[in-house]
Amino acid sequence: MSKLFRAVILGPPGSGKGTISERVASSFGLQHLSSGDFLRENIAAKTEAGVLAKTYIEKGALVPDHLMTRLVLPRLVEMTRHSWLLDGFPRTLAQAEALNSACELDVVISLNIPLETLKDRLRHRWIHPASGRVYNMRFNPPRVQGVDDISGEPLIQHEDDKPEALVARLRHYKDVAKPVIDLYRAKGILHMFSDTETDRIWPYVSSLLSAKIPTDRADAQRATTP
Ligand SMILES: Nc1nc2c(ncn2[C@@H]2O[C@H](COP(=O)(O)OP(=O)(O)O)[C@@H](O)[C@H]2O)c(=O)[nH]1
Ligand SMILES: Nc1ncnc2c1ncn2[C@@H]1O[C@H](COP(=O)(O)OP(=O)(O)O)[C@@H](O)[C@H]1O
């Protein structure tokens, strides 16, 4: 990859951001940066920011902008030599504006998934906390029920995927996401995908990125073509 490529993936909880990001990372070699993973690392390490963030996540609330921005932006600054796909940030207009002042984005992918589909998926989502691997007891179950495929350790359900936190999260998402989507639409970098299945969305995301990401192979071909 010659020129660096910066992308963001937007979508409500359960829309498949993590699933699609993993596919993008393995197909295109982009670094997958997830705000949820950053938060979980900080919570596990009991950093000051992590302890504070946990109180919001448990209520199904968003972590305040200043705290999120303090956690995420330094991680992006470290990535000056990598192309990346940022998942879960920005979620609010204030976060989008902070990101704007830190870097220039090439593409924004926005996932538009029906509410009933989201509720159904999140009820069945289980994760391996140490690695962040995500399973769905119906869509992509682990080989052995309740156990991570690679480490053999037990899977858990996020506090915020449990029914009490879930409905509040989905309701709130819509309100705060709209100005963020509008901002990227106005910039002309928004690409919206609507469906109930990740497998049907993926080919479109893949061909968008194939067209947008400058690869070594394309450069090499250009260099050898007379
Ligand atoms: N049934 C079904 N589940 C899916 C699909 N895509 C993703 N999932 C599952 O839905 C849950 C939410 O997906 P995830 O990628 O974590 O979404 P995120 O919250 O936007 O990052 C996970 O358990 C996924 O395995 C799909 O097309 N169909
Ligand atoms: N950019 C963000 N701004 C505020 N809160 C966030 C942000 N990213 C993650 N969070 C908090 O962390 C929780 C888990 O995030 P994540 O793993 O991305 O899961 P999900 O996609 O299911 O919301 C969110 O429900 C929210 O409380």
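Cβ atoms are placed via backbone N, Cα and C, with glycine included.
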In TrEMBL, ribonucleoside 5'-triphosphate binding by Gly14, Ser15, Gly16, Lys17, Gly18, Thr19, Val134, Tyr135, Thr198 extends, among Arg40, Arg125, Arg185, to Arg125
TrEMBL annotation of region 'NMPbind' - which of the ranges 34-63, 94-123 it falls on: 34-63
Among Arg169, Arg171, Arg200, find me the residue TrEMBL lists at the same AMP site as Ser35, Arg40, Ala61, Leu62, Val63, Gly88, Phe89, Pro90, Arg91, Gln95. Arg169
Cβ-Cβ neighbours of Tyr135 (ribonucleoside 5'-triphosphate binding site) (radius 10 Å): 21
CB < 6 Å to ligand 1, subset of binding-site residues Gly14, Ser35, Arg125, seq order -> Gly14, Arg125
Using Cβ atoms only, which residues of the same chain lie under 8 Å from Val63 (AMP binding site) while being at least 6 residues apart in sequence? Leu39, Ala53, Tyr56, Ile57
Same-chain residues at least 6 apart in sequence with Cβ under 8 Å of the Cβ of Arg91 (AMP binding site), in sequence order, are Ser35, Leu62, Met68, Tyr173, Val176, Ala177, Val180
